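Feature annotation from TrEMBL assigns transmembrane segment to 26-48, 60-79, 99-123.
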Amino acid sequence: RPEDYVGDTNILVPTSLLIYDFAQDILVISFLVITAPPALFTYCKLLFSASFTKNYTCKIIAVNGVIELFNCATYIIAIQLASYPFMSTFYKFVQSRNITTPLCAINIFLRGLSLYTALIVALDRLR
């Protein structure tokens, strides 16, 4: 039915999909806001505490966690929030200043770095 869709004539998106996308974004952002401060505190303790200076596995786990937090934040900014009208001025600013390529490159770099640090943790646990 046409009333179940929103958008212009070129792109029609079902309203149920928009509701799902909105609920998912709210859930992910709220979990990120709730878990980021204690996670960063714990990672800093693991990286800079004297009792963990010789334990490189804990340091790699902490580095992987920090990278994952930054990866999640850049994914939300670069990809997820693009579908909302209130972010259109931000994305127009990003496009006018040619920041889209570095933003996407940072997102891709963090994804790859996260995979490599997770691989290092897994290989370190094998020994």
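From the backbone N, Cα and C atoms, a Cβ is placed for every residue, glycine too.
Note on the transmembrane segment (99-123): residues 57, 60-61, 63-64, 67-68, 70-71, 74-75, 77-79 of its chain, located 6 or more positions outside it, place their CB under 8 angstroms from a CB of the stretch. Cβ atoms under 8 Å from those of the transmembrane segment (60-79) belong to residues 25, 28-29, 32, 36, 39-40, 42-44, 46-47, 103-104, 106-107, 110-111, 113-114, 117-118, 120-121, 124 of the same chain, restricted to positions at least 6 beyond its ends.
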